[in-house]
Amino acid sequence: MIPTAQMGQLRPGEAEWLAPGHTGRPLTLWKLLLLLWTLLNCGLESSAQGPGEWTLWGSWSRCSSSCGRGLSVRSRRCIRFPREELCWGDTHEYRLCQLPDCPPGAMAFRDIQCALYNGQPVLSLQKTYQWIPFYGAPNQCDLNCLALGHAFYHSFGRVLDGTPCSPGSQGLCVGGRCLSAGCDGLMGSDAREDHCGRCGGANDSCLFVQRVFRDAGAYAGYWNVTLIPEGARHIYAAHRSRNYLALIGGDGRYVLNGKWEISPPGTYDVAGTRVVYTRATGPEETLRAAGPTTQDLLLQVLLQEPNPGIEFEFWLPRELYGPFQEQTQALSLSLRQPQPLEVEPQSSEPNKAPAFPTRTPNPTPVFRARVLGHLRQAQETRYEVRVQLVYKNRSPLQALEYVWAPGRCPCPPMSLHREYLLAAQRLVSPDGTQDRLLLPHAGYARPWSPAEDSRVRLAARHCPV
């Protein structure tokens, strides 16, 4: 109220009002508004107001399990006035916690809960039972336990939060419901990783590389298809032909179908990811990997017939796309598709051996070697030999070499652990992806003896090879 002595001395912008039930005592506007607010909140009946307000989330609890997968929970409270609605949202939030795997032989969480009722009277009967989990009931988040040795089960209510919904399931029971964790770790969340690996992303931080390798090849052998760089995700390659996909790891060793040896379908661990290799009964072959890769991979194809096209694709972070282009150019793996080259048509026989290059042969190495092993592949034999002595050669020989003998029989029939004098034609492809020592059409193999040794040394001095 404004004292009477101050009436008539109002500040600019103030108006004179009289309070209800009073005379001669004007009120300023702001005090009138305060009075109206008090009347509305204290003296008038009103309908329900909006929702209340949440307190801050509390801290996360310890994991519900001591090993394997479990749950951690946090809670909050709703603060509201009597006529306000309840807060919108949940009072509890659950997230997945991943601990080291449980030791072998550890009892599963659901088994422990059923075992708590062992020897306890059930169904108002004095008879007791031994209980094990039963997974054939409608609600998999109820504690359904089968009486051991009997044909009935009993439900003991809900399982504890954090119990796996079923053996091998990724879902966990929370409040009687089976929930799965989103990529944010929260149970029941619909957050998912995009193709770039970002939780809740929109595929805008990576680029999609998708091409078809159409080079038909001028000869049979290994051809480079593409570099799969470090950081690649959702890798896929496929074709329909009698050719074979080959994969080289970051250490330069073959992971699949290398050295003319065909690998069985299956899962292969390489470069920090798992490569799933499938080959159907028909001419279809696929290669898949989730990634991300931790090393560069090189995808090749082992050509046995003209290439009908190899589809490949992967997702790559934007910042890695430029270096990827530079690497492919440095490896002569242009991102532009090369023009098809001529290939001699091959027979459709499934076991026919790969054709050999028909380019001008390189100088023939002459050397002495011990046979360590042999392997029949289709219609050719691969001999593994240890080089003992090189008589004449213009290209380097390794201590261990493979010598190939095409034909229906292992000719020449070299015996294990015997030493031979060999003259093998070396065939090297233009890009260096194929390097083979070939017998017997352009060379010979004879058992080593001192007499043969003398003749070869004499020939090496007088005859170019």
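Placed from the backbone N, Cα and C atoms, the Cβ positions cover glycine too.
Copied from TrEMBL, the annotated features are:
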- 1-48: signal peptide (SIGNAL)
- Cys63-Cys97: disulfide bond (DISULFID)
- Cys67-Cys102: disulfide bond (DISULFID)
- Cys78-Cys87: disulfide bond (DISULFID)
- 108-206: domain 'ADAMTS/ADAMTS-like cysteine-rich' (DOMAIN)
- 213-317: domain 'ADAMTS/ADAMTS-like Spacer 1' (DOMAIN)
- 338-363: region 'Disordered' (REGION)
- 366-457: domain 'Netrin module non-TIMP type' (DOMAIN)
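Comparing Cα positions, Cys63 (disulfide bond) lies closest to Cys102 out of the disulfide-bonded residues Cys78, Cys87, Cys102. Among the disulfide-bonded residues listed (Cys67, Cys97, Cys102), Cys97 has its Cα nearest to the Cα of Cys78 (disulfide bond). Note on the domain 'ADAMTS/ADAMTS-like cysteine-rich' (108-206): DSSP counts are 7 helix, 28 strand, 64 coil. Annotation for the disulfide-bonded residues Cys63, Cys67, Cys78, Cys87, Cys97: lowest Cβ count within 10 Å of the residue's own Cβ, Cys67.
Using a 10 Å Cβ-Cβ cutoff, Cys102 (disulfide bond) registers 15 neighbours. Predicted-model confidence for the domain 'Netrin module non-TIMP type' (366-457) is 74, expressed as mean pLDDT. Looking at Cys87 (disulfide bond) and Cys97 (disulfide bond), their Cα atoms lie 28 Å from each other.
Taken through DSSP, the domain 'ADAMTS/ADAMTS-like Spacer 1' (213-317) splits into 0 helix, 58 strand, 47 coil.
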